[in-house]
Every structure is written in C-alpha cells, then in structure tokens.
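Presented below is the structure to which this report refers.
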C-alpha cells in the first residue's frame, strides 16, 4: 500500500480578492500562510513524513510547501518544481474578479469556464506581457507547449506526462510523496486516480491548505481518501471554493 498527500496552496492574495489567478504569480495572503502552517501541523500531528516533494513554479505553491516542510521538520527534503503542476491557465480572464465576471456574463457561463471539462476561457493574447512566453521561468519550455488558455482537459493532458513519467514511479518505488500544487492541477490528478467522468470532476472543489491523503494499491488504484483536518472546517472550506464564481 502506498500513501500520497496532496495540498492545494494556501489562500493567495487574488483568492482573497476573488480574482481568476491561473499562471499569474501572486503571493499568499496572511490567511494563506496560516493555512499552510496549519496544514503542516496537521500532518505532523498525524505522524506524516515524506521522501520527496513536487510543486509548481508559482510562488503561492512553493511557499505553501516550504511552510508545510518546516512544520514537519523536513525542510531538507528533495523538492522538484515543474511548470506542469501549474494552475490551469485562465487566459484573458486572469486578473478579473469572479463575481463581477459572473454579473457581466452570467453565473452559468462563468461556471462553464471554471468547471467544465473541455471549454477553455477566452485566450490571452501572445503579445500580452503576462503571457508565459515572456516569462524567464519558462525559457527552457518548448514555446508550442506554453498555453494562452486551458480547459481542465488541457490541464490533464499537460500534467499526466509528469505523473506517468516521474511522480507515479516515485510512488511505486515506495516513496512517501507530497504534492503541493493548485486547484485544477490537483483535480486533474484526482480525476485520473479516481477514474472520474468529466461531469463528476466538474463538481469537485479543492479547499486551500488542507492536506488530502490517498492510500493506493500496487496498481495505484484508490483504496482510501481522506482530508487531514477537522471535518466541519473541511466542509466549510469546500463550500467557500464552490461559491467563488457566483454573482454577489
């Protein structure tokens, strides 16, 4: 039996402002830092330790991982940062307030952009200085692979080669693996592990900063899944994520 722990980064400044964030490299909010520390403490109290960690190249995930590793007293742990664990690219929506966008375009359209499986939001122009092709952290990535927008289906296609080629073999080798990433890159993994349909994954909301543990069999099929935290707090956090795309 293998164990795999997933954590969505703590609340970011743009989560706090209810903005579409995507690949924009915004920092953790004060609440987000507290969430990361609390998540790490919960793991420590349950006796978790890890052999390797994976995260994205965005600071809100990297800093969350650092806080968690500090809490479990494993700041020395090997950490692999990979752009394929980035959040889904929200295209031209990045930076826009979700509630204002819902009021303008309708809640149903925003829900489709946020939660449908294969409908991407409007693309970001390549000439936009925020486009990843202008960001030095992606200078060694094939420009054809850098998105201007993504659906969840696109995010799955981007992430799965990293899972199949690197992370899954680490899990199968018996390593205790920690992944700290983003709502949609983690949903991509959840869909893959649990065999969810597009409709099923559309209804899944990942709370910020709360560790989720999978127990997996020899074929990486899910035996057990549970959040490491107070059940009422987990429920409230999931509902808060679900309500982000609604007009005020």
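Every residue, even glycine, has its Cβ placed from backbone N, Cα and C.
Of the listed segments 116-135, 136-155, 156-175, 176-195, Swiss-Prot assigns region 'Disordered' to 116-135. Taking the recorded positions 8, 9, 182 in turn, the residue surrounded by the fewest other Cβ atoms inside 10 Å of its Cβ turns out to be 182. Shown are the binding-site residues 88, 98; of these, the residue with the fewest other Cβ atoms within 10 Å is 98. In the three-state DSSP assignment, the secondary structure recorded for residue 8 (substrate binding site) is strand. For the region 'Disordered' (116-135), the DSSP-based tally of helix, strand and coil residues reads 3 helix, 0 strand, 17 coil.
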